[in-house]
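**Student:** What follows is a single structure, and I will ask about it in a moment.
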Amino acid sequence: MFPYVEDYDGYAVKRLMLENVDVLGYLSLGYLALVWKGPAVVRRLNGETNRVSNSGLLRYAIIVWNLLLSAFSFFGMIVVVPAFLTRISQRGMLRALCGNNDEMFYRSSAGFWIGMFVLSKAPELVDTMFLLLQGKTPPFLHWYHHVTVLIFSWHTYCDHTSTMVLFAAMNLTVHFIMYFYFAMCACGFKKTMRKFAPFITMLQILQMVVGSLVTTYSAYKVYTTPEGAAPGCHVSRANARMGVIMYMSYLYLFSEMFLNSYARPKKPVADPTAAGKKV
């Protein structure tokens, strides 16, 4: 289906990322500076009329951006997910997760999409720019998720972590749905699409549950492997630690967001006439 990726050289991509690892630091610091200073800059640009936030051009840009990311995730999903399921059927779940497979990771069509998935985490930072231009302040979960995924994905790909295939398959699937949802909301269907929001958050939470279980299992295998023995899982100790911390923090934050947004009852608005106050 994608003949142009048959000669994909993931090792070259890995070398490029390792040789330019400082760029990861610049991106992360620049992004955090954008989150910190961006709201004030946008307020000045907006003026009293919100000329930037209310711009029709901005709305169209948001629609196109989200549709592009949804399409990218869809094409990645339809390659990586079947490849991972085939690997499970051939090797079993545990060996599919923990076994080393250079050919699939760096040479196959699935490897191409895994590599592009990792590299896409840098342009995905533009999500935050669009949020700022709409006059919104990015919540902690938003920017924390973006910057940590960028760092973790970069490290995981360069470290050839075997569990990366599952992480990419899950994330591409969720992002295909999520970015399509954002595009439809920007098109003016927010009221219609709003009913699907809890289910998308539930999908994200499910992704974090699976990620937490897998990273915990891989960390257990890595730390219980005797000195000098073959690793029980093709994951480094550094990546195992990063994975556990990242996925468990996501699980907590997304669960908290779900509870606050959909599960906990909204506080009733106080009646101004209640204590004999005039209105």
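Any Cβ shown, glycine's included, is placed from N, Cα and C.
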**Student:** Identify the motif 'HxxHH motif' range according to Swiss-Prot, selecting from 142-146, 212-216, 237-241.
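**Tutor:** The listed stretch tagged motif 'HxxHH motif' in Swiss-Prot is 142-146.
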**Student:** Relative to the transmembrane segment (242-262), which of 61-81, 112-132, 138-158, 164-184, 196-216 accounts for the most Cβ pairs at distances under 8 Å?
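**Tutor:** The stretch with the most contacts is 196-216.
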**Student:** In which DSSP state, out of helix, strand and coil, do we find His145 (active site, nucleophile)?
**Tutor:** helix
**Student:** By a Cβ-Cβ criterion of under 8 Å, what residues six or more beyond either terminus of the motif 'HxxHH motif' (142-146) are in contact with it?
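**Tutor:** 31-32, 35, 121, 124-125, 127-128, 131, 249-250, 253.
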**Student:** Most CB pairs under 8 Å with the transmembrane segment (138-158): which of 16-36, 61-81, 164-184, 196-216?
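**Tutor:** Stretch with the highest Cβ contact count: 16-36.
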